[in-house]
Amino acid sequence: MEYKITLARPAATPPATPPAPAAVTSTNPKTPSPSLNGGLGGAELDKVCAASVQDLMATIAKLDSNGVQVLAETPDPCAPDTSTSKPATHTNADPNEDWCAVCMDGGELMCCDRCPKVFHQYCHLPTIDQLPGESETWQCLLCVNFAELPPDPPRPAGAPAPPALTPRQLKIIERLTLELYCQYEPSLPFREPVSLDNTDYYSKISSPMCLDMIRGRLQGGAARYSALPQYLRDVRLLFRNAYLYNPPDSQIYKDAKRLEEFFDAQLVKLLPEYAYWQDSDGDSPPKRARYE
Ligand SMILES: [Zn+2]
Ligand SMILES: [Zn+2]
């Protein structure tokens, strides 16, 4: 496990000169899928952010239709067996990015040993409570190949269909949520709850939802998700609230559309059986009391 410390970026303003963007983009030679990348207005992103989004898109482009990641053809410089020689090889070519994939900030970052992504412990999903040892390898959830994960234990014969969230399903919805956070620009308005001072918002939106609330329900507590539909309802609620409150020509509405289209594409890859899942309530807003 590699741990790096970079200078934190000022929260609001990106640096005038992005730190070595060429080094960041060169970590991934793959061209991002044009169809996925088309919606991103390059001008509105700073270079560092654009490079990171491109890397993410390239990671996504490497997923086949079953959500199985096709590993890079070239040997991974971060592969576990080379970890002992890391200090020497890293001085010239650090294969990892410089900014957290979730918050685009620097600081103390965990470097994935299998892909270029880096994360703050509290930004990764699930939160990394305990640092892996120096000699251990660490893989971020963003590059986990779900084909390598153990399948869920078979249901006993005659058992009623989909009950609780299985460990595999939990990992998949954590991945889906992490993917949403890593869509840096479009996810920004949906990370934190709308301020309680915004009485107009709360007079129109009765069931607020945001990514941090979803993260909270993934990580534990009384409201922890116990079945997949609960999670899907929350994600759809987040988008529906955005469409309900914001005019269609507003940036936040467009961000929601962009993010939901991305989410749908991820569902097809990672959770195809739920890609076209419809809440039994159809278009009516879910009532929170139903699953709490
Ligand atoms: Zn972060
Ligand atoms: Zn990774």
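Heads up, the Cβ atoms here are built off N, Cα and C, so glycines get one too.
Looking at 1-37, 75-111, the stretch flagged in TrEMBL as region 'Disordered' turns out to be 1-37.
For the domain 'PHD-type' (97-146), the DSSP counts in helix, strand and coil order read 4 helix, 7 strand, 39 coil.
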